[in-house]
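Step one of this worksheet: look at the structure below.
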């Protein structure tokens, strides 16, 4: 068995909801300006005591409980994040401790920004096939509000906080995964000599051009590798960066818009958390049902991109 099957999901959102109207009182913007350009209406930001780690623990605990597995059955824990509250210990180690996962199993973080959940899934699959074991826990978690300049209109309107988790099992089901990176198109926050010393910045137009190219290419690649077509998919869950990016992809692929899930209107861009949060919402609403196939496509900072096709066991 070398494929992965999604068997359970979990999610967590922080307590503070921030509306476009709230932001319009801080920066020169409006609900109409934000909504027409991004599709975002609200987002959630961490309050005191909340972090990417606390959200990850909550989402992971929910996914583990729903899976019906015991902690000792989890062979590895991988957390995708660019906003860990500490340089060390990793978020994954904090999840391992909180959930009582075995100490003789790997727990590690990965940082591939908005593609992180797909990257994390690839790492987890590699750990299962290399070290042995049947089940993996993968989390995407972010507290991007901690990394933003709240007065920068180009970024503060976009980002939200949250976490989503998935429990996977090795299985003989249709599965494919693709990853890529283009590091020459990025620069460290604050400049090359001041790593991590400045808030998140983004060239929105350049990211849009990159995303509308990477998204359909990644989807087409994993479809080709599995021998499936768009008609064979029940859902396509893209990174929830901007509704216009997803709409452009739908038009380019001549696809059914009903297959493409969107929730950025309620959560904004939650980077590595966006795909697992969406998967969890679909499962909780009963829209993602056992046996359905879902494609997950991530793209973002790095630049990075990735795609995968999964079957949901439920």
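Even glycines carry a Cβ here, placed using N, Cα and C.
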Which listed span TrEMBL calls region 'ACP-binding', if the choices are 240-244, 245-249, 250-254, 255-259: 240-244
Spatial neighbours of residue 269 (active site) that are distant in sequence (at least 6 apart) but have CB under 8 A: 40, 114, 144, 158, 159, 160, 239, 240, 241, 242
